[in-house]
Every structure is written in structure tokens, then in C-alpha cells.
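S.K.: Got a structure for you, questions after.
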Amino acid sequence: MSASMDTTGDQDVDTIIRDLQADPANLTRPIKTVKDKYELLPAFLKMRGLVRQHIDSFNYLVNEEMKKIIHAKSNEKVQCDSDPNFYLKFLDIHVGKPSTNEEFSTLDLTPQQCRLRDMTYAAPITVDVEYTRGKEIVTRRSKDGVGGILIGRMPIMLRSSHCVLAGKDEAQLARLGECPLDPGGYFVVKGTEKVILIQEQITKNRIIIDIGFKGEPQASVTSSTTERKTQTNVVVKQGKIYLRFNTFSEDIPIMIVLKAMGAESDQEVMELIGTNGNYINLFAPSIQECCNMSVFTQHQALEYMGSKVKATRQTWIKVKKSKSDEVRDILTNSVLAHVTTRNYDFRAKIYYVSVMIRRLLQAVEDPTQLDDKDYYGNKRLELSGGLLSLLFEDLFKRLCADLKKQADLAFSKANRATQFDIVKCIRQDTITTGLEHAISSGNWTVKRFRMDRKGMTQVLSRLSFIASLGMMTRIISQFEKTRKVSGPRALQPSQWGMLCPSDTPEGEACGLVKNLSLMTHVTTDDDEAPLARLAFALGVEPLHMIMSSELHNGGSDIVFLNGHIIGVHFNAHKFAQTIRLMRRAGRIGCYVSVHVEHGRCHLSSDGGRLCRPLLIADKGHLRINDVHIQQLKDGHRTFEDFLCEGLIEYLDVNEENNCMIALHEKDANETVTHIEIEPFTLLGVVAGLIPYPHHNQSPRNTYQCAMGKQAMGNIAYNQLNRMDTLLYLLVYPQRPLCQTKTIELVGYHKLGAGQNATVAVISFSGYDIEDAIVMNKSSLDRGFGRCIVIRKYSTAFKKYPNRTADRCVSAAARRSVPVRGNKTLLENDGIAGVGEIIRPGDIYVNKESPLNTRDPIQNPNMLPDSCYKPSPQVYKGPPGEEAVVDKVLLTSSDDQHFVVKTLVRHTRRPELGDKFSSRHGQKGVVGTIVRQEDYPFNDQGICPDLIMNPHGFPSRMTVGKMIELLAGKRTARRAAAPAAFPEAPVEDAQKTCSGGLSLWGACGAVWVWDCIRGNESGGMW
């Protein structure tokens, strides 16, 4: 803990118990404050990690979602038209452990092997099947996932349940060549680390009331099921209400739609919408329009809607249907597709449409009832599991279609029908290639849903440790970046505590690319059937048991479960309170959310919602106390125990609207229901590294979030065993003297970046204008700012169709053949030796390729030298600079090609024009490098490492930088590092910094002597 923390926080359990015994009234008196709440954060990250949202989503895919996909009605069975007795039924699906097949044997894979050998870290996908072969029924089942039918390979996310790294301790991870601080959550495809970025989408299966293109209110629902995705709009045009659906050629009057669903009585429709208020007057024109069209019965409504169906729809329907039947199918399967309809009973959809109409009329009467699309409760995040499930289902359907085509072809020929074995026709490359290509290219194409997205994946940035962590929490929006609209870019109040307010890029992507806060969790889908049974047990009246007049009477609230209307409750607030009590008791999932608004009670357990943990308070008094914290310190309690005992709970964005949350305990009154664990957790992992960010101008924190990811240092414990394309390493990385609590939480203090510099804030010469920096040459000679740049040069030795292959020959071979380049580095195998100095133009791999790669050759291994042409690999580095061959790796790739990877190391020292930056977004280039003899010094003879211009402070308003300079100087004097955020006010910081820091008190200023002129002047040191 910080040295500046109050010493009363060190009170142990015995002292607390003794105080309680001295004053028995304390046993029942609720406490107001808790010391060391910070201890909850390491416990939270130990349970969850920094990228738990990615890993949970992928685990749900391979353990649950894939089974649901193959058991869907449209996917479970493959049948053919030629033989009605033939079928292929999928019984189960399994995803194994990552492995590869080499020389007729199966070998286990590790992520490090895949990085070095340019392979894909993937596991086999096997299925249990039952099918007909001739007249017999064959069943193929696997045991523990072994022995099933292989249908493809699934790229495995690192640290997921199917990864070899899952559950390993630090020693085991080190033996596997992995860094214990690496959080996982990404894929290794063809040797490249790829991360699927979190996608921001509008919520599915919910009613959104907004303004349409023509400026009139509309109610829209984006329905999403495993079978289809549709959008249903109810719009207002000239005071009348219509249904807008892309299957119909024009908008359909809403009364006709309701009559087509079976609501023929105008009185019943008005009771469903509501007879109170001004609803009758607002809806009367829609009723009158239906009467003017002479549509009074369900049959007439179906016939009218059938005449408006687009003709293109009938092109793919094999069986000719009547217009009425066609409209029934559209209303059943497409309109509001997420609302289940059985046997053409549209009662559930009638209720849903009536709620849409009522909310639309409310918005017409009162514009404040409009929903904000940018409100984060109306957003859902798509994670890697959900995106891969869409892709896998599309590829699986393509595989089934191919099997059906082959079965039809086989059974059309009588002589092949008896021996036909469908299992032998399964193509494994359909799923394998599709998944690999999507992750490696970032292009997600699902024609069935008209989905074609670009840039869904990116190469994981290894510029620094914090750059990779920041990319794992990044959220991107599909909103067009070139549109100059402020709404989606603005900082929403609903993002408080969920998204980092500072970490967003500059330029056209500003506000569209966001990052998660430190304690934000993204939910995964949870089974809603138990939740529905619980709701009915707690007094929710099902739809079939209530009358239409009871839907909107004064004492009832409509209950939604994940967007579906399940019934009505006559005391919604008590119902919501009961759900919360059961969640706090651990009887239902901790991520279940419930909130009440405007006569509706929403119960949510779907995936993609943002939530975060908060301390529960009863009338402003915390349930958690110091005894709980001490038990947590002693290891007798975990973060999950706090959840199960009702001391902490997760709240999503919508439920926060029903709560009163205080920032500190001292701010809590009797209306407060929750208190923040730590205020600094509203920042993300990148912005949390900034010291004293609450004293800076807001843009400075945003600039620092971008530049902090570029800081050179260490990237991982295994950085010297990696073969990355480009790697920057600082020779002497240091831990900052003034560090935030987030640095220790994310492990950045173990893999730090940057150096502590002695800084003089004075005007010196004319080379420090416009944020330029004057560097001390002696500091550079001692290694300040020195870095190592390592580049990888990969050479593949291909095998050709005529069985010839590239080869590598020594430098002494074929001297008569002229070759461009210097061969002095080459050893006997034709590869540059480790430790050799390499210059531009030197050959590091003496490769030769065969002249004939197409025509067949009887004995390719006995080809004479004249059949080969030189194709040496020549080093093309910066002219005039020397480098060192750091490492050479000889290996084979996934397609059995021989590969030589050469690492070239180049040591650089800072020079003119190099960029340096503080931790407050104040960057500057090196303007000049001055010898120490000409550098200013203080009364103790100390020369600074660099000089910055004091004119950089007033316009940038980086007060946090000044406080960091004072705190760093205090730490250097007293060896006690203060926490940089949040701590005591600046006045208290001045008191702690004073006490002999300098002759001028707490400001840190000293007298400086100028070596060139010999005079003295004041400056901040």
C-alpha cells in the first residue's frame, strides 16, 4: 500500500473486536467507512483477469453454442431428394485440444510452437453421427471427444478452456515458453497473433423509439434468432400508423396487420393499446383508414397484405402457396421473428405490436419519451464467441449443403447407391479454411444475413506490454468514420464506469473507438428458461391468463425477459426487489439484471451487456466492513464470496438508473444504495497509468493514452525467445518513481517501459522552443534512452510440384557464378552465423532455386548445380549502419516447408529528431545535444538529463505533470513512493513535499548555474 495511506488502515482484527467489546453498541451500529477497499481490486482481477470477457465468450461458443447450432432443426439432419430413406443426423459435437498431424502421428501444439513455425493454433472439431449406409443404420460416437468424425479445425483462443495454458501456474507456463503476465484472449493464425475486436451494436429484440429519416417517430425492433435476423418498424405517417417491413412493397396500415393476426375487434385493439389518456384520439385515424379500405375480417386483411408482397419472394418457394398462407408464414417467421408463434397463434405478437403502438403514441404526445440510440443501455457488445458462432453456423450449413448435393448425385446413380458412405464425403477444409481466412483477413461474410464487415480482427500490437492490453479492451463501432455526426462520438453519461472517458484516438475515429474501464465485465448468454419459471413463481401472470384490458391498467406492469413479453405483474417494484435479493443470495446468476421504467419491468440475462461490481449500501451504510477486508487479506475470503454473501453485486447500465451510487462513503446519505469500490476504476488500463490525471486538461489524458502505448520497454518475459517481425526493447527500463495503483494491478511494474529522468524546467538556448528537448550528452553516453531494435527476416524454402525444392549452399560452392552481395558472414551451411556483424548488402542466407519447377524430373535429388539459379537473401538495412545477427531459427512450417528465420539486432542511441514524451501527453523532439561541461548544474553539482521549456506548461495546463515532478523528487529524497491517484488534495501534497526539499519550499525550485555565461538563475529541478 501507499506510504501516504492513513495508518489506521493497519488495524488488525483483534483491535476491531476489542473496540466492539468495549462499546457493545458498535455491534449493531452500521459502519460508514471501510479501510483498504483497494484490496478488493487485486481479488477481482485474480478471479476475472483483464480479458475475461473474450475468454468467457469463446468458452461459451465451444462448450454450449456449437451444440445448439448442430441441434437446430435446420441443421440437425441432412436428407436428400433422391432417396427419402437416407439421412445423416448429427448427435453431438466436440472440440479437442490443439494438435497437428505430422508424419502419420498426432502431436500436441503449444502457442509458442505455432508462433515460431508459422502454424495455426487450432484444435480438431469432431461430431457424433447417425446415418444410413445402404440398408443399415450406422452410429459413430466418440469417447471423450476421441474417435468422432473430423469436420474441421477450430482456432483456439489462448487461456480458454481448450487451451493447453488453461489452469497452469507460472512455472508450468515458463516451461511452455509463455509469459505468465500475458492475459491471452487472442488467436495465433499462421504464426501471427490476431485479436477479434469487440464490436458495438444496437441492442437486439428490444423496442427502440426514435426519429426516422423523414423526421417522424418510429418504433423499431431488430429481431435476432439462430434462424434469421429481421427488422420490424412501426412508423407514423400523416397521423396514421403503418407497419414497415422489407418483404412488403409498401407500408401496411397497422390495423390491417392486427386484423391479419386475429385481432378483428376494434374495441380489443384499443384495450390492448390503452383507453386512458389521449390514445383513442391519436389512434382513431388508423382505425378509420382500415374501415375506408373495407377490411374487417382476418381473411380480408390477409388477402390485402398478400397483394403487397414483393414478387421476388416467390422465386425460391418450391410449393405454390395462396396469398393468405404466404402472409401467415411471413407474420409467423419474419415479422418480429424473435417472438415465438405456434400453430398460427399470434396472440404474443399482437401484444408485442400493441406495446410498440402505445410507446409510439406516447412519443408523439411527449417527445421526451423518445429513446436515445447512443444511450449505452441500448447497446450490446459482440465478442469473439458470438462473431465466430455466426461464421461457424454459416460454414456448417455450407458443409451440410455440400453433403446433400453429393448424396443426391450418388443416389441418382443406381450402381453407387448401395456402397455410398456419406462420412467419406465430408470435406474438412470448408470449416478450417473459412475460420482461418476470416480471422487472418478480418473479413466477416455471412450471405444469409447479408453481413459483410471489414477489419474485424487486427494484429495484436506488441509495441509494448500496455499496447497489447489496451488492444484487448478496445471497442470499435460500425458507424461510418467519415460522417461528421457528434452524437455517437460524444461522451455519454451512461458510459460512466463502463467505458474509459480518456482512451479514444484522435481524428475521424474519435469517440467511435472506445476502451473498457478497469472493472467492466461483458456478459455472456445465460439460459432464460429457469429465469422465466422463477418469474412466474414470483407472481407474473402469463399472457394467456390475462384479459386485454389488464395489460395497461393502473396497477400492472408488463414484464419483459430479454425482449420477450412473458406476462404482467401487479407490483413490479416488489418483484424487482425480490429478484435482486435472490441474486445477492446467489440463487440466480450474478449478471442477471432487473429494472423498472414507465410501466415496464425488464429482466435481462442476455450477452453483450456491460456491467460492473459495486458495494451494496443500506441507507448509505456499507454492508462490507473491516473484518471482511482483513479476511480477504489473510486469504480466507475471495471476491466470489463477497458476491454470494450479498456484499457486492454487478449492475448493468439500465439497472443503474434505479440506483443511487455514491463516489465516496462520506458522500453517502440515506438514499444511497451503492458505493464505488474505487473511483479510479472508471479509467481503463491505459489511462490508469497516468499520474494525477484529474489535474490535467482532458485532451492531454487522451493524447497520453495514444503515446503511452508507444513507450519502449519490455513486452513479455519471453521476449528474447520470440521471433516477432519488429521488436523494440529499452536497454535500461525503470519503474516510475511516482506510480498509480493501476500499474501494480495490471502487472506493468514487472514489465515497465520508460526511464526516470532528472528534468530541469528552465529556458536554455534557442533549441528548446516548440516543446523541443535539450539532452545531456553524458547521460546518453551512460545509456539514457538507449534501445535495441530487432527485426525478423524470414526465408522459406519451397517444394515444387515436380518434387524439386529450393536449397541452401555454402559460400564456397559455385564461386564461378556471379552473385550480388557479400558472402563473408556465411558459415558452411550457407546461413549467417550468430554474432556476426551484418551490413547492408551482406548475404545472410545463400539460397538457390531450381530452374525447372514444372516439368517432371526422375531424380530431383541428383540435379547438377547448373540446374539451380542463385536467389540469395541480401540484408537491406539503413545505409552506413551496422547490425548484429542475433539469432537464427531453422524450422518447418505447417505445409512442411523448410524455413530459416534470422533476427538482426541493432542498438540505437537517441539522436536529433527523436521523440520523447512525459506521462501527460507532452511530447517533444530532441532539439540539440549538449556536452555536460556546457550544461547547467545546481548548488550540489548535479546536471539534469534533459531540459524542457517552462512555456510548455501554461498552454497545456498539465498541472499533474508539476505534481508528479514534486512527488518524484520527494520519492528520490525519502525513498517513499506516493500513489498518484486518487489521493489527498494538492494542498496536502504540498505539505508532504515540503520540509527541506529546497530553499524555496514545496515548489521544488532551485538556483541553477549556467556554465557558458557563469551567472545563476532560478528553475524547477
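Every residue gets a Cβ built from N, Cα and C, even glycine.
Pulled these from TrEMBL:
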| type | residues | note |
| --- | --- | --- |
| DOMAIN | 49-432 | domain 'RNA polymerase beta subunit protrusion' |
| DOMAIN | 204-382 | domain 'RNA polymerase Rpb2' |
| DOMAIN | 458-522 | domain 'RNA polymerase Rpb2' |
| DOMAIN | 559-617 | domain 'RNA polymerase Rpb2' |
| DOMAIN | 639-671 | domain 'RNA polymerase Rpb2' |
| DOMAIN | 686-974 | domain 'DNA-directed RNA polymerase subunit 2 hybrid-binding' |
S.K.: For the domain 'RNA polymerase Rpb2' (639-671), give the DSSP counts of helix residues, strand residues and coil residues.
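M.R.: Its residues divide into 13 helix, 7 strand, 13 coil.
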S.K.: So what pLDDT does the domain 'RNA polymerase Rpb2' (559-617) average out to?
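M.R.: Result for the domain 'RNA polymerase Rpb2' (559-617): average pLDDT 93.
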S.K.: Of the listed stretches (49-432, 458-522, 559-617), which one yields the highest count of Cβ-Cβ distances below 8 Å with the domain 'RNA polymerase Rpb2' (639-671)?
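M.R.: Result: 559-617.
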S.K.: Residue counts in helix (H, G, I), strand (E, B) and coil for the domain 'RNA polymerase Rpb2' (559-617), per DSSP?
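M.R.: Per-class counts: 13 helix, 27 strand, 19 coil.
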S.K.: Quick one: DSSP breakdown of the domain 'RNA polymerase Rpb2' (458-522) into helix, strand and coil?
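M.R.: The counts are 14 helix, 12 strand, 39 coil.
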